[in-house]
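The domain 'ABC transmembrane type-1' annotation in TrEMBL covers A:28-227. Residues or ranges marked as transmembrane segment in TrEMBL: A:20-45, A:66-86, A:98-122, A:156-176, A:204-227.
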Amino acid sequence: MADPAPFINWSLLALSPPGWGSVLLSGLINSIQIAIGGYSLGLLLGVGGAFGKLYGGPILRDLLECYTTIVRAVPELVLILLLYYAGTDLINQFMGLAGLPAVDISGLAAGIFVIGVVQGAYSTEVLRGAIKAVPSGQIEAARAFGMSPVKVMTRITLPAMLPYAIPGLSNLWLIATKDTALLAVVGFSELTLVTRQAAGTTKAYLLFFCAAGVLYLALTLVSNVFISIIERRARRGLAEAA
Amino acid sequence: MTSPAPETTHALAFTPEDLPTAESFFQPHRILLMAIFATLVVYVSWSMRWDWLPQYLPKLGWGIVVTLAMLFSTSILGFLLAVPLGLVQVTGPWPLKAFAKTFCTIIRGTPLLLQLWLLYYGLGSLFPQFPAIRSSFLWPYLRESWPYGVAALTISFAAYEGEVMRGAFAGVPAGELEAARAFGMSRWTVFRRIWLPRAIHRALPTLTGETVLQLKSTPLVATITVLDVYAIISKVRQDTFLTYEPLLLLALIYLCLTGILVLAFRKLENRIPTRGA
């Protein structure tokens, strides 16, 4: 093998323009924004979905079952395409009905929407399991003290289910960060797509894909540190699991 | 409680418990919902354009075959890799243990799409620079795109399943292994007769979930020009300028594939006798 130096041209990763470092970093920031937005939207949907599945009527329960089943059985890539086109289309039809001109939906909003819908189905399942794990005596005690259902939820059910939900939710966060890569397929310039563009322009494919891999890995490892801190906090006062 | 590596995703995957049982179907509100759903389906098939379907049907069939071939080959290869990966993390000397741990963390910490593109565009652009590779018997394969897809999906499955197998190997009760050794079995016999079967038995429910996740990962290979069912649908979309119809059909195809896969695993699990439970 020849001298390896020509294969690795580190200056390509420089932050200022001939280098592509700043492009990669802005892609990473886009990815993180979408992950945070999608994850938050997914959590909202998940809380609603979990309460609907546990306490809703039979029809609501069945509809939610359809939602979680379909999302968990169809590839994310297909869902992202469907939701991306359907979502933007629906909004524009709605605008048309309201007599307003069609809007250009930003890629960021569309990305957050599709990741959120996918994450919602998973967090519905995670939260449902966690709520079911809360000892029913605690909820009965809260009711016996005369708390309204909303108060029972905010003061007892949600805080008490956290230790059970956190492993699943942290998992979901890691999935959300990696699912953002799929938005590259619909042309949103997140980390994976800008990496591919940078690699295609400079022909330094291995260098850029490895650099992006390091960024994703760093995101995961940093997230893991925060997750363990949060988990320790949520579990305080509980007996250590063996 | 938390391990350094992220927990596996099996709890989130579609598993046999999610399938409805036959008798639960016929409750009054379900019949009503099904009627509404059926009208919706009829409406969709009337109002949307499906005239392209007969023309592409053979290609779609072939695409499904490619998807399934990808799924089964990578799951089997990945599982074969996962067994040693799990085993060395439980018993191995520290360098192997550290290597397996690092491998799993890296693969599970980066998106599969990135790994796929790294292999295809990265290694794929590197290989032609070496005359030794170009003249070897492997070259006709390395010029194609599917080996990179198989490699990426196999590695990914091995990393996720390696973590599962680590838990499964560690979870086999020590008494069973001691009993086997007390009967005078050699280490290899203990592994082959007791440890591995018991570990697979314990991992089977998780394996179902992981295989469904693997099915859901297969469409990614279409991005490196492997002609699976997703790629065929993309072609239909380009040819006909239709947005929703092909994608809806694709979602339906994957729903059916997942359902069949999960049913098959349920049959398999039922064949293995479990006491109690």
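Each Cβ is built from the backbone N, Cα and C atoms, and glycine gets one as well.
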> the transmembrane segment (A:98-122): which same-chain residues, six or more beyond its ends, come within Cβ distance under 8 Å?
Replying inline: 30, 33-35, 37-46, 49, 67-68, 70-72, 76, 79-80, 83-84, 87-88, 91-92, 172, 175-176, 179-180, 183, 186-190
>> Can you work out which residues elsewhere in the same chain, 6+ from the ends of the transmembrane segment (A:66-86), have a Cβ less than 8 Å from its Cβ atoms?
In response: 49, 110, 113-115, 117-118, 120-122, 124-125, 179, 182-183, 185-186
>> Please report, as numbers and ranges, the same-chain residues at least 6 past the borders of the transmembrane segment (A:20-45) whose CB is under 8 Å from any CB of it.
In response: 12-14, 108, 111-124, 169, 172-173, 176-177, 179-181, 183, 188-195, 197-198, 202, 208, 211-212, 215, 219
